[in-house]
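*Asks:* Dropping the structure in here first, questions after.
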Amino acid sequence: MPRMKVPKRYVIVLLTFICTNVCYIERVGFSIAYTVAADAINVNQANKGLILSMFYYGYVLSQIPGGWAAQRLGGRRVLLLSFLLWSLICGLIPLDPNRVVILVLSRLFVGVAQGFIFPAIHTVLAQWVPPQERSRSVSLTTSGMYLGAACGMLFFPSLVKHMGPQSVCLVEAVLGVAWSVIWLKFSSEPPRTDLPKVAMPKVASREKIKAQSTGVVAPRTVKIPWRRIIFSLPVWAIVVNNFTFHYALYVIMNWLPTYFELALKLSLQDMGSSKMLPYFNMFIFSNIGGVVADHLITKRILSVTKTRKLLNTIGFVVSAVALMALPSFGTPSGTVICSSVSLGFLALGRAGFAVNHMDVAPKFAGIVMGVSNTAGTLAGIVGVGLTGNILEAAKASNMDLTNSETWKTVFFVPAYLCIFSSVIFLIFSTGEKIFE
């Protein structure tokens, strides 16, 4: 019997999905392992915030260079090298809260290495994925982040309990090296013949049909329009929403375990599978958003612009409401429900702003992603560090950190940002190509 040939672009999308999955297993895993190790020697909240935020200092440094490197060297090569680098650092550096300088430097360099990954992914996807498949392809790829976070939350607390915090770093290193080997074997540069042709008006030129049907990025010799990118209002709409998305995500990812332990008197080990629900919900809603967006666009129910604005607004506004409700419950079940709704709808909103890079600048998707993700990374630096200082200030004012009401500021800040960002996206975003 003849063997069914799977289009290569599907293999690429699947591999990038696994890539983001492993990256977020690493991020969540370190947060869990370090929190346990730091609590064992009574490290204060501000210092914990410093170590947890060092990753994002490194991450922000390599976003725009990551986009440039992927544009010049190729996304496939950049992904491989960055993955190998952070994997080796995780496997070789000891997780010891007393060795602050080593921890700071290791997290900084892991952040630098991983900062190349997402611009490279967007460059690869822009090369392989045709316009009519972009929403669901990008949504599937990015949903790997949330499934990775869910897996980390499910398995790592038990691993830390039985094998110690260092075991988490070793598992992460093995996963990173394994993905690198698989990527090297099964990925390739995109041939022109693999992508399906897109129906275009007859009046279009052959060159335009070819360019839009393949969705390839600009040749490596094309001059990057830095000035137009930086001063573009639609790009800034993406940037603002990327900042807000990651502010909310990183605050919840890094500080929700502490909230459970201090305010709700419940350790992650005692929560069972419920601790993974917020991230699993992100995985589900991210893919729902991608499928819905492609359906609305392909069936011409809504334009690309209206589709992006609709899903972005629904996602961010519902997420804001859930964040404001979270500290009012004061129970584990209420917290899990609110955080699940908040993160789930944030992920739905990615079918708005997160795919918009490829709408406005398909030839420079990696570059625009690098600019946008720089803002998202700054959100990690600001959000994670600021939250630690907010809690230390509350403690210094004799406020009780075991009272959920004390945590209102922590969750209200990202909620207000979500509302503000959704308005910015409604006003300034577009689904039209503005960079040729």
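Every residue number used here counts from 1 along the chain in the order it is shown.
Placement of Cβ uses the backbone N, Cα and C atoms for every residue, glycine included.
Straight from TrEMBL, here's the annotation block:
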type: DOMAIN; residues: 12-433; note: domain 'Major facilitator superfamily (MFS) profile'
type: TRANSMEM; residues: 49-66; note: transmembrane segment
type: TRANSMEM; residues: 78-95; note: transmembrane segment
type: TRANSMEM; residues: 101-125; note: transmembrane segment
type: TRANSMEM; residues: 137-157; note: transmembrane segment
type: TRANSMEM; residues: 163-184; note: transmembrane segment
type: TRANSMEM; residues: 229-256; note: transmembrane segment
type: TRANSMEM; residues: 276-298; note: transmembrane segment
type: TRANSMEM; residues: 310-328; note: transmembrane segment
type: TRANSMEM; residues: 367-391; note: transmembrane segment
type: TRANSMEM; residues: 411-428; note: transmembrane segment
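Could you tell me the structural context for the features on the list?
*Replies:* Residues 19, 22, 26, 30, 33-34, 37, 66, 69-70, 102-103, 106, 109-110, 113-117, 120-121, 123-124, 165-166, 168-170, 172-177, 179-180, 183-184, 187 of the same chain sit 6 or more residues outside the transmembrane segment (78-95) yet have a Cβ under 8 Å from a Cβ within it.
With a threshold of 8 Å between CB atoms, the same-chain residues lying at least 6 positions outside the transmembrane segment (137-157) that come near it are 13, 16-25, 27-29, 32-33, 121-122, 125, 129, 168, 253, 267-269, 273, 275-283, 286-287, 289-291, 293, 343, 347, 350-351, 354-355, 358.
With a cut-off of 8 Å between Cβ atoms, the residues of this chain six or more beyond the transmembrane segment (276-298) that come close are 28, 132-140, 142-151, 153-154, 252, 256, 304, 307-308, 310-311, 315, 336, 339-352, 355.
Long-range neighbours of the transmembrane segment (367-391) within the same chain, counting only residues 6 or more positions beyond its ends whose Cβ lies under 8 Å from a Cβ of the stretch, are 45-50, 52-53, 55-57, 59-60, 63-68, 71, 111, 115, 118-119, 122-123, 224, 229-230, 235, 238-240, 242-248, 250-251, 254-255, 258, 357, 360-361, 401, 407, 409-410, 413-414, 435.
Under 8 Å from some Cβ of the transmembrane segment (411-428) lie the Cβ atoms of residues 233-234, 236-238, 240-241, 243-245, 247-248, 251, 308-309, 312-313, 316-317, 319-321, 323-324, 326-327, 346, 349, 352-353, 383, 386, all in the same chain and six or more residues away from its ends.
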*Asks:* When you scan the chain for residues with a C-beta under 8 Å from the transmembrane segment (229-256), skipping those not six or more beyond its ends, what do you find?
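*Replies:* Sequence-distant neighbours of the transmembrane segment (229-256): 27-28, 31, 52, 56, 149, 278, 312, 316, 319, 323, 335, 339, 342-343, 346, 349-350, 352-354, 356-357, 360-361, 364, 367-368, 371-373, 375-380, 382-384, 387, 410-411, 413-414, 417-418, 420-422, 424-425, 427-430, 434-435.
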*Asks:* Taking only the residues in the domain 'Major facilitator superfamily (MFS) profile' (12-433), give me the average pLDDT of this model.
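*Replies:* Per the prediction, mean pLDDT sits at 86 for the domain 'Major facilitator superfamily (MFS) profile' (12-433).
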